[in-house]
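Q: Below you will find the structure I want to go over with you.
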Amino acid sequence: MKTLLLTLVVVTIVCLDLGYTRRCFNHPSSQPQTNKSCPPGENSCYNKQWRDHRGTITERGCGCPTVKPGIKLTCCQSEDCNN
């Protein structure tokens, strides 16, 4: 009985993922979609866009950085929300 209880506790911890971290897209403009787990405590994702001689450039990642004027920044707080 104790073994069954211990097994249920372990399964619950694994399923609940108590060490939960945010997941954000991190692929550049023209690359296939990829995402990564953010560092613990980082609860937002960003999508940063600007134009240069190559066209519109997009950068994605974890956090919500400060940007220079002329750069469009969108920050969000859900899974893979920065595409």
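Here the Cβ of each residue, glycine as well, is placed from N, Cα and C on the backbone.
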Q: Which cysteine out of Cys15, Cys45 is the one Swiss-Prot pairs with Cys24 in a disulfide?
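A: Of the candidates Cys15, Cys45, the one Swiss-Prot pairs with Cys24 is Cys45.
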Q: Which of the disulfide-bonded residues listed here (Cys38, Cys62, Cys64, Cys81) have a Cα atom within 10 Å of the Cα of Cys24 (disulfide bond)?
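A: Near Cys24 (disulfide bond) by Cα: Cys38, Cys62, Cys81.
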Q: Can you tell me whether DSSP puts Cys62 (disulfide bond) in helix, strand or coil?
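A: In the DSSP reduction, Cys62 (disulfide bond) maps to strand.
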Q: Through the lens of DSSP with three states only, how would you label Cys24 (disulfide bond)?
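A: Reduced to three states, the DSSP call for Cys24 (disulfide bond) is strand.
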